[in-house]
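> Sharing the record's features from TrEMBL:
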DOMAIN    1-427  domain 'Major facilitator superfamily (MFS) profile'
TRANSMEM  38-57  transmembrane segment
TRANSMEM  64-82  transmembrane segment
TRANSMEM  88-109  transmembrane segment
TRANSMEM  121-139  transmembrane segment
TRANSMEM  151-173  transmembrane segment
TRANSMEM  236-258  transmembrane segment
TRANSMEM  270-294  transmembrane segment
TRANSMEM  301-323  transmembrane segment
TRANSMEM  335-355  transmembrane segment
TRANSMEM  376-396  transmembrane segment
TRANSMEM  402-423  transmembrane segment
Amino acid sequence: MDAFLRKFFPDVYAKMEQHTKISNYCKFDSQLLTSFTSSLYIAGLVASFFASFVTRAFGRRPSILLGGAAFLVGSALGGAASNVYMLIFGRVLLGIGVGFANQSVPLYISEMALPKHRGAFNIGFQLCVGIGVLSANLINYGSQKIVAGWGWRISLALAAVPASILTLGSLFLPETPNSLIQRNTNPDKAESMLRKIRGAHDVQLEFEDLITASLVSRNIKHPFRKIVQRKYRPQLVMSIAIPFFQQVTGINVISFYAPVLFRTIGLGESASLLSAVVTGTVGTISTFISMLVVDKIGRRALFIVGGFQMLISQVLVGAVMAFKLGDQGGLSKSYAYLVLALVCVYVSGFAWSWGPLGWLVPSEIYPLEIRSAGQSITVAVGFLFTFLVAQIFLSMLCHLKYGIFLFFAGWVGVMTLFVHLLLPETKSVPIEQMGKVWGQHWFWMRFVDEERGGGGGEIENIGDIARCPKSGIL
């Protein structure tokens, strides 16, 4: 918004006004502006490691509560900001909130959901993120029209609404049976909770799996050291590769800078914000479609179809900008809307593949003994590359120009091939039996002892529990 730029980033606003002197691609090239965006993600990276300890030692629910509280304070600071330092500090607190929530919420959902519905429930997480993005875009579009120029305060302060829901709602959540057993609380309470969430009395087999996994987990004092062992190599590789690839799809070009991109190609302030609403709507609808089909057609098919869709649309966007957008002036209205349509195709491809699945797959592949560590690595890697992309994108746009879309398209090709070759299908597999998937994969079987299911456990059946006096469970 012009009023926001004038108050906090006057240099950027001045460059916008110099239409004939500054390249279209360089008008928003400001390290201070990108610091405002990326500070959230570097804070989230650091917070995710603290969140791992809280999630493992105290449970999933306290981690969700802390995330909501930090987000609530950060939104208040953002809405009340009087200078850029206050603004960025508010973003840091938002990052802490996101770090805790991203570490704990996908785990909570995966542990509570039935195996056959786990994908749909977990994608519900990403669907709600998409609804949040769409809501934010609608709020931006509406508040931008406030003539007095303080609409940006509404945009930032209204983050307190979902933060309040998250904070208060977490007080009413039950803890997961996995966490109750892992923290050596009353096993009868854990079994009762499992019966309640499954809606069935006979849950003995699943309960035995949870206890066995917990006994293995309790012997692991240093999960971050454990996860680098050879038998956990598939999970470690995926915990790094999936969030890395998710960020180099280029989605943050759209998520963070869609209005900037649309202003670059010549659309006005209001039209650019409205275009962001359109892409947000497309993303939300596509994520909902993914939620409906992920447990039917599987993860791999969505990854691959979405990858091809993103690759083609990014190449075409780059081509239009290469041949039709110069350093000054803008695209004609017809070509601007063509770019918008191609961006929508790209967003839909991401929203039913790498967007939700980038959270779903990591949350369901780790055995319990390394689950909190693995999720923390996934979140931290995601935040690290989100931070890097957010921090350098505007400079890359200035230097690479239309080539930025070809750069990301190349990565999309690499990651689609990676999924085709190295990611096994995980749909409908019980979360505590996921190790068998790796033991049956043509490449990962060399790292995993298939007979033990890849979990690294020393206890092979429930009868061994009685011979484990240190378990404190039976």
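Glycine is treated like the rest: Cβ placed from N, Cα and C.
Bear in mind that TrEMBL entries carry predicted annotations, made automatically and left uncurated.
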> If contact means at least 3 Cβ pairs within less than 8 Å, sequence distance 6 or more, would you call the transmembrane segment (402-423) and the transmembrane segment (38-57) in contact?
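Since fewer than 3 Cβ pairs under 8 Å link them, the transmembrane segment (402-423) and the transmembrane segment (38-57) do not come into contact.
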> By Cβ distance under 8 Å, which residues at least 6 away from the ends of the transmembrane segment (121-139) in the same chain are close to it?
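Same-chain contacts beyond the flanks: 105-106, 109-110, 112-113, 154-155, 158, 162, 255, 273, 276-277, 279-281, 283-284, 287-288, 290-291, 294, 351, 355-357, 359-360, 363-364.
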> With Cβ-Cβ distances below 8 Å as the criterion, list the same-chain residues six or more beyond the ends of the transmembrane segment (151-173) that contact it, or say none.
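Contacts of the transmembrane segment (151-173) (Cβ under 8 Å, skipping residues fewer than 6 from its ends): 1, 3-4, 7, 61, 64-65, 67-69, 71-72, 74-76, 78-81, 90, 94, 97, 101, 108, 132, 136, 139-140, 142-145.
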> With Cβ distances under 8 Å as the criterion, find the stretch in 64-82, 88-109, 270-294, 301-323, 376-396 that has the most pairs with the transmembrane segment (335-355).
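Stretch with maximum Cβ contacts: 301-323.
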> Across the domain 'Major facilitator superfamily (MFS) profile' (1-427), what does the pLDDT come to on average, as a whole number?
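Mean pLDDT for the domain 'Major facilitator superfamily (MFS) profile' (1-427): 85.
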> Quick test of the contact rule: Cβ under 8 Å, at least six residues beyond the ends. What residues does that give for the transmembrane segment (376-396)?
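Answer is 28-31, 33-35, 37-38, 41-42, 44-45, 48-49, 51-52, 95, 99, 102-103, 227, 236, 239-240, 242-244, 246-248, 250, 252-253, 256-257, 260, 358, 362-363, 404, 407.
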> Could you tell me whether the transmembrane segment (38-57) and the transmembrane segment (88-109) are in contact, taking contact to mean 3+ Cβ pairs under 8 Å with a sequence separation of 6 or more?
yes
